[in-house]
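Engineer: Take a look at this one; I'll ask things after.
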Amino acid sequence: MRGPLGPVIGKYPSSSDEMGNGNNDIIKHNRKCRDVVVLVIFIAFWIAMIVNSSFGFNQGNPLRLIYGLDYKGNVCGDRHAHPDLRELELRYWLNPNQVYQSGLKGSKFELSNARSICLMDCPIPSEDSLNWVCDYPEGDIHISTDDWIDRNYDYFADLTPQLRNTSLQLQGPCYPVIFPSVNVYWTCQLIARASNVSLTHWGQMGGVKVIEDIAIDKAIHRSINSRSSVLKRYVADVGKSWPVLLVCGGFLPLFLSIVWLLMIRHFVAGMPWITVILFNILMISVTMFYYLKAGWIGNDAISPIIGEHDPYYHVSARELNHLHAVAVFMTALMIIAFLSSIAIIRRILMATSVLKAIIPYAMLAIFYMLWLSAALHLFSSGSVVQNDCEANCCAYDLKTMGLSCNSCCGYSIHYTSHIVAAILFHLFGGFWATQFFKACSSTVIAGSVASYYWARGETSPEIPFLPVFSSMKRLARYSLGSIALGSLIVSFVESIRFILEALRRRLKLANSMPGSWIGKVLYQTSQCFLKCIGWIIKSVNRNAYIMIAITGKGFFRASEIATELIMSNILRIGKVNVIGDVILFLGKLCVSLMSALFAFLMLDMHRYKNAHNKISSPLFPVLVCWGFGYIVATLFFGVVEMSIDTIILSFCQDSDEHQGTAQYAPPLLIETLNDQNEMQRLTQ
């Protein structure tokens, strides 16, 4: 059994000090470091995170997430390549027969092995002659890269008869432009409608047969729409829209959170109603924007085609299908949110009187800029290696001045197992760090609020001059190990849930899900069990952080004390938390939805619809702004949440120490929590 906490918490008379001459410290200072082993592990983990991020910055190149590779293994748009490709961002496949071969069913020849080059724009056939696209000028071709670009990549007229002959055999260094092409996500999508004029000139010159088939179109489209390509574009969208993330994921939720807390302070009676109404309006607005971008409303659907193109030519994209799915999901969520809002209206008034006892205070910790930058580099840190295609192909090499049949395979980016492990480690580290910062913020708030509670909220010489900084000092000096342990437990449980969900999706795709009803029941039961465990751990952690701030105990001992207080005062705590947490949760969603709404508006600017800044879809940047907005709001609203929880736990301890009658609680709080009629209504 735990002893009375009166001497630990404050100066009030406890059962061991009837005369009130106990410890005069509001929060006991003679503490000692707790959970030191976990703190050492956490420090080592951060060192490993720095090393891991350094590897990403050293090896990664975010351009690989957007642009393709040419026949030399260079990344299109890379200014450090040879030649300089800073303006040549579009990948174009030179040999249409190789593209056709890669599109055949059962063919072992892959599109990545077809000869490709980086260009400034996608070439189109001439209306009265035959256009050519030639390799980068080198060797005996004595023109600069700029001149090559000015000549529309064509120096066929300067070739020797031998090189013209190899070009007519589709072996380079020049290749005919037979098919029109359009810029689809920085890749020239060949349209399987050959130009009759170009084919006629090609035949008259003695060129080999060029196959005209829909497989040419499908081969490139399949590559552009592959899952890995879509994922890379999504990650790249986050990097390209960094101004949107900065404004809508950082500054805007910061401003909105402060405004919301100020309104809670001065307009507390109306805030629950304002929050519920605003939440529903924002849910409808964000859902409508998804409908707009999905093309179900208006004419503002996203298009995978960049720049001007034939209005009658359309290209499908996975990104549009994903927006359709999210629009349907948001519709269902909007309906559920509206019905839930109606259900809680009757109980809104129960929370307002308690919120008046809270003095909001803001604390924010941000580390996402470096983490996100490191993530972009890690995702692009694979090695560019030449494929081992074993293909029967030859191409003229201007540097060696001869046909090369042994090294005609293309290049691709290979991700080794240690790179995958580094990415997973980085993701886990980001989640653990997020939980750690939130826990630190909660503990600091709890320590400062508890100081005010036990002094009856009055100015007292025993309260530190700056209670927040005093609480931060105690946290940094004694309790960082306990905070690291609590945040690690949450991160570990959530990671297990994520892994199980990923396995479930893989089994579902492979049609290997348990077929029997017993297997399905066991799987669903395990999922429900993990969710319950996760919720319980988060709840216990939040109250444990309060007791850590007050008592200075280790994580497990603080959890035990908090659990005993909660179990012995379950009705009092539940009365406030059920409604108060709902209102605060809706407030967080309002801030994050507002961030998502402004992200939609910013991404709708011309800057993000054209040229190299074009994003493939607003889905990921909006979701990231939504997530960042929610995290920022959580850190700010944690002031209110932790203040409520700290005051309630302090009230419960105060009541236990004084035979059921709290001595240091504000009158409004005593009236609310001791109202027997309200208690009976809650339990009905």
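Any Cβ shown, glycine's included, is placed from N, Cα and C.
Pulled the feature table from TrEMBL, pasting it below:
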- 36-57: transmembrane segment (TRANSMEM)
- 242-264: transmembrane segment (TRANSMEM)
- 271-292: transmembrane segment (TRANSMEM)
- 323-345: transmembrane segment (TRANSMEM)
- 357-379: transmembrane segment (TRANSMEM)
- 411-429: transmembrane segment (TRANSMEM)
- 475-500: transmembrane segment (TRANSMEM)
- 582-603: transmembrane segment (TRANSMEM)
- 615-640: transmembrane segment (TRANSMEM)
Engineer: Kindly say whether the transmembrane segment (36-57) and the transmembrane segment (582-603) touch, using the definition of 3 or more Cβ pairs under 8 Å where each pair is 6 or more positions apart.
Structural biologist: no
Engineer: Okay, the transmembrane segment (411-429) and the transmembrane segment (582-603): do they have at least three CB pairs under 8 Å, pairs separated by 6 or more?
Structural biologist: no
Engineer: By Cβ distance under 8 Å, which residues at least 6 away from the ends of the transmembrane segment (411-429) in the same chain are close to it?
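Structural biologist: Distant Cβ neighbours of the transmembrane segment (411-429) are 45, 48-49, 52-53, 55-56, 64, 69-73, 112, 371, 374-375, 378-387, 491, 495.
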